[in-house]
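S.K.: Could you have a look at this structure, given as C-alpha cells, before my questions?
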Amino acid sequence: MAKDNKNIKEKKPKFSPYWIYGIILSLFLVFTLFNNSGLDSGNTTNPTQFFNFVKDGEVEKVEIVNRRLAKVYLTKEASQKEIHRKSKPTSFSLSAAQIPNYRFEFGELEIFQNELNKIIEEENLELEPVYLTEENHLADFLIGILPFVLLIGVWIFIMRRMSGGAGGGAGGQIFNIGKSKAKLFDQNTEVKTSFKDVAGLEGAKEEVQEIVDFLKYPEKYTTLGGKIPKGALLVGPPGTGKTLLAKAVAGEAKVPFFSLSGSDFVEMFVGVGASRVRDLFKQAKEKSPSIIFIDEIDAIGRARGKNAMSGSNDERENTLNQLLTEMDGFGTNTNVIVMAATNRADILDKALMRAGRFDRQIFVDLPDVRERKEIFEVHLRPLKKTKDLDTDFLSKQTPGFSGADIANVCNEAALIAARNGKKAVDKQDFLDAVDRIIGGLEKKNKIITPSEKQAVAYHEAGHATVSWMLEHAAPLVKVTIVPRGRSLGAAWYLPEERLIVRPEQMLDEMCAALGGRAAEQVIFNKISTGALSDLEKVTKQARAMVTIYGLSDKVGNLTYYDSGQNEYGFTKPYSEKTAELIDKEISDIIEKQYERAVKLLEANKDKLTELAEVLLEKEVIFKDNLEKIFGKRPFEKEERENLDK
Ligand code: ATP
C-alpha cells in the first residue's frame, strides 16, 4: 500500500487523558505533604541516640504517636547545644515549643517502652511518655479515593488501547471509537497498483473499470434515464485477486477511495459498528463522488437471525442493518459506490445482495490456463530468470492454482534458486517450487523402515499403474516416495480443466485413487492405513455423486444440496430408509471401483512390480519411466502430449 496513505482520523483529539495522570500525581504529592508527619517534622534520629539523650537528661518530653512514632522534645539547655542546634526546623504555623526536636519510628512498642523505662529507673528521671493518637482526615480521604482514581485511570488506558489510540500519539482516541477506520486514497496518495498489475480477469476488470467510469462521467449514463449502480460485490475463491482489483481501482480512479475490512466495524462495544458505518458513509458523501471498498464483507454481512437463541450476534446485526440502511438511503444520486469482496457469497444476507444495494456481482474465478500464463508473466517481471523459461509450460503445470499461489510459486522459485547459488531462476526451480507448495517440505531424513518404504513404493506404483490404464483418469506427471509434509509418497497428476464432469470420469478417478490400496492387496495380500487420504477423497466423491449430483441409479435424479443453506442442520432432508439406501449406494460404488482396480493390477502385476522397483531405486520417476514400462498411453490426446514438450 502507499506509504503516505492518509488516515481519515485526521481531527486532532480535543481531549487529553494526561490530566488523569496529573491528578494521580498531585494526589500522591498532597498525600505525602499532608501526611501526619508533614507540618511538625523534626529531624530524624534513631532509638539508640534517643536513649543516649535520655541518659544525658536532655529530653524534656517524649510523645508516642499512633503506637509507632516517637516525637522528642529536648530541654531548653539541650536545645542550645551545638549538636542539637539544627534539630528544630522553623514553621510559620507552629510555635517553637510545638515542634519536636527529633522524631523516629521505633518498631515494636513494648520493647521500646521496656528499654525506656529501664533507663528512666536507672537514671532516676522524671520522664513520662505521652501517648497520642493523631488522625489525618485529608490523608484518609485521599487514601479512600485513590483506588477509584487508579481504577478510572486504568480503564481509560485500556479504552485508549482498544480504540487504536496507541498509534495515534495523542490521547483521546476513546472518543473516536465510533469513527470509521477506513483508509483514504485520493489524489494526494500514491497508489502504485494499476490495472496493468492485474492479469487475466478480463470480465471482472471491465466491470470494475466501468464503475470508475460511472463516477467520473455520470451524465453519460444518466442522460438516458439510467441510474448509477450502488454497489458491486466481488465474489470468488481466496487469492484470486479481488483485493488486488480493488487496489487497482484505487490506483486508477481519480476519486477518493475509502478502503477498510469488514472486521474493522467490529468492536467489543455495542453500537460502535453501526456508528462506524454511519461515519464512513457520511465521510464518503462529503467527498463524493467516491468509492468505498469493504474487504471480507462476510465479517458483518453474514445472514441475520439464523440463530435466534444466542444474543451474541446482535451487534453484528445492528452493524449490518445500518449498512443496509445506508446503501438504501433516500438519495439515489449520492455518487458513492460501494465495492465489497468476499469468498463466501453463499453466507451473505439476502437483503445485502439484492439489486439496489449490490446491484452487480462480479465473479472472480480461479484462473484458467491462459490467465495463469498472464499472471506468471506479471510475477516473473521482477525475477532474474533464464531466457528459455516457458510460461506456457508453467501455466500448464499449475492447474487449480490461484493468483496468490502463482505469486507464491514465483517467489519460492527465486528463493530455491538463490539457495542453490544460481545466477538466474530456471525451470527446475519452478517445478521444485510447485512441488514444495503442493506437497510441503521434502523430509529426506525421515526415518522409514525398508518394509515401509517398499509398501509406499507399491502403493504409489499402484496409483500410477491404474491411472495409466484408465481413459478418464488424469495423466500422471510424477511419482515420488520421498516423504513430503505429512505424506510418505505421492503420485502427481495433471487434471484436465473440466467445466462439467461425467460419471465415467468420476469413476475412473475413484478407481485410480483406490489403486494404491489395491496394489498393497495384490502384492502383499495385506492392506494398511496408508490409504487414509485416498479413502477420504473417494468417499466424498461417491457421496457427492449420490446426494448432490443425482448420479446414482438407485437414489435417482435428485439432490439433497441446498444452495441457500450450508449444512443440513439437525435434521437430514431424507428419511432413515433413504439414508440407508444412500449409505449402501456409496459403499457399492466404492467397492466396485476397488474391485476394478484390483483386477487391473492383477492383470498387470509384472509391470506394477517393475515400476515399484524402479521407484524404490530412483525415488522419483516421471512419465518417461512409465512409458518405458507400459508403452505409450493409448488415450493421450494430442493436446496432452504437447504438455511436457
Ligand atoms: P482473499 O479472498 O483471500 O482476500 P483475494 O481474492 O482478495 O483473496 P488478493 O489479496 O487480491 O486475493 O491476491 C493475493 C495476491 O495474489 C496478490 O497480491 C497478487 O500478488 C496475487 N494475484 C492474485 N490474482 C492476481 C492476478 N489476477 N494478477 C496478478 N496477481 C494476482
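Note: Cβ is positioned from N, Cα and C throughout, glycine not excepted.
TrEMBL labels come from automatic prediction, so no person has curated them.
According to TrEMBL, the feature transmembrane segment maps to 15-34, 138-158. As annotated by TrEMBL, domain 'AAA+ ATPase' applies to 228-368. Residues or ranges marked as ATP binding site in TrEMBL: Gly236, Pro237, Pro238, Gly239, Thr240, Gly241, Lys242, Thr243. The annotation Zn(2+) binding site is assigned in TrEMBL to His459, His463, Asp534. Taken from TrEMBL, the feature coiled coil covers 591-618.
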S.K.: 10 Å Cβ neighbour count around Lys242 (ATP binding site)?
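M.R.: Summing over all protein chains shown, Lys242 (ATP binding site) has 27 other Cβ atoms within 10 Å.
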S.K.: In sequence order, which same-chain residues at least six apart have a C-beta under 8 angstroms from Thr243 (ATP binding site)?
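M.R.: Residues satisfying the criterion: Asp295, Ala341.
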S.K.: In sequence order, which residues at least six apart in the same chain have a CB under 8 Å from the CB of Gly236 (ATP binding site)?
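M.R.: In sequence order, Lys242, Asn343, Phe363, Val364, Asp365, Leu366 meet the Cβ cut-off.
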S.K.: Just to be sure I understand the contacts, which binding-site residues have a Cβ under 6 angstroms from any atom of ligand 1? Candidates are Pro237, Pro238, Gly239, Lys242, Thr243.
M.R.: Pro238, Gly239, Lys242, Thr243
S.K.: Say you check the Cα of Pro237 (ATP binding site) against those of the binding-site residues His459, His463, Asp534; which is nearest?
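M.R.: Closest by Cα distance to Pro237 (ATP binding site) among the binding-site residues His459, His463, Asp534: Asp534.
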S.K.: Across the domain 'AAA+ ATPase' (228-368), what are the DSSP residue counts per state (helix, strand, coil)?
M.R.: 58 helix, 29 strand, 54 coil
S.K.: Mind telling me which of the binding-site residues Pro238, Gly239, Gly241 has the densest Cβ neighbourhood, counting other Cβ atoms within 10 Å?
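M.R.: The largest 10 Å Cβ neighbour count belongs to Gly241.
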S.K.: If you average the pLDDT over the coiled coil (591-618), what number do you get?
M.R.: 92
S.K.: Return only the integer: C-alpha distance in Å from Gly241 (ATP binding site) to His463 (Zn(2+) binding site).
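M.R.: Computed Cα spacing between Gly241 (ATP binding site) and His463 (Zn(2+) binding site) is 35 Å.
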S.K.: Let's check the environment of His463 (Zn(2+) binding site): how many other CB atoms sit within 10 Å of its CB?
M.R.: 28
S.K.: Show which residues of the chain containing His459 (Zn(2+) binding site), separated from it by at least 6 in sequence, have their CB under 8 Å from its CB.
M.R.: Gly489, Gly516, Arg517, Ala519, Glu520, Ser528, Gly530, Ala531
